[in-house]
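Take a look at the structure set out below.
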Amino acid sequence: MRVRDRLGISKRRQTQLARVLQLCLVGFVFVGLYEGQVGVVVNAAVGLGVSYLPAVLERDYGVPMDPALVLWVTLAVFLHALGTVGIPGTGSFYKNVWWWDHLTHTLSSSVVAAAGYAAVRAIDEHTEAVYFPPAFLFALLFVITLAFGVFWEVIEFAISEVAALAGMTSILTQYGVTDTMLDLLFDTAGALVVAVGGTTYLSGVVDTLAARLDAREE
């Protein structure tokens, strides 16, 4: 049973929730412009763009996107942007709410793991020359997610260092080795979520990608 069935949330309601979060992201962009915070503007604008990727994939490439998947992606980028904005007078949630960074890393890494899962499963279904046993696929998800997590931490470090050298405020912040290790730990939690629920929510995406691979060989 899907989460929406347990909670009684219809597909239409999920789509509406995703639209509300996108409107909030637009609002965050204007908040950042008003307050002169480049980091808020960039994070909200990039997040807004990412939230529209599912619609682009469905419209231009025929990849079916369940409203739950769209809401999942949109919620991940919304919470990240909200973390940079915070509440007026309290500052960034990333600085003042100890668990916020863990929450956003878990959600964002689950999105990365979902993309990796869909791609690998599509290849597995497309050709008989490749077979991924369940245990191998489970391990591969963690490798893909952690690899992206390490890549992201390097980006955070590089941007922070360049901003410091230039005397500017960084749009991304790294808080040290302990923070990095915790980020990677929660990245694995996101991969675990996909490993457990990937078949339920991503089967349509996998089937479409496999069909496209088949069509390219005809």
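Placed from the backbone N, Cα and C atoms, the Cβ positions cover glycine too.
What TrEMBL records for 16-34, 40-57, 69-87, 99-120, 132-152, 184-204 is transmembrane segment.
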Give the nonlocal contacts of the transmembrane segment (99-120) in its own chain as ranges (CB under 8 Å, at least six residues past its ends).
69, 72-73, 75-77, 79-80, 83, 93, 132, 137, 140-141, 144-145, 148-149, 179, 182-183, 186-191, 193-195, 198, 201-202, 205-206, 209
Would you kindly list the residues that approach the transmembrane segment (40-57) from elsewhere in its chain, counting only those six or more residues past its ends and only Cβ-Cβ distances under 8 Å?
18, 21-22, 25-26, 28-29, 31-33, 63, 65, 69-70, 73-74, 77-78, 80-81, 84-85, 171
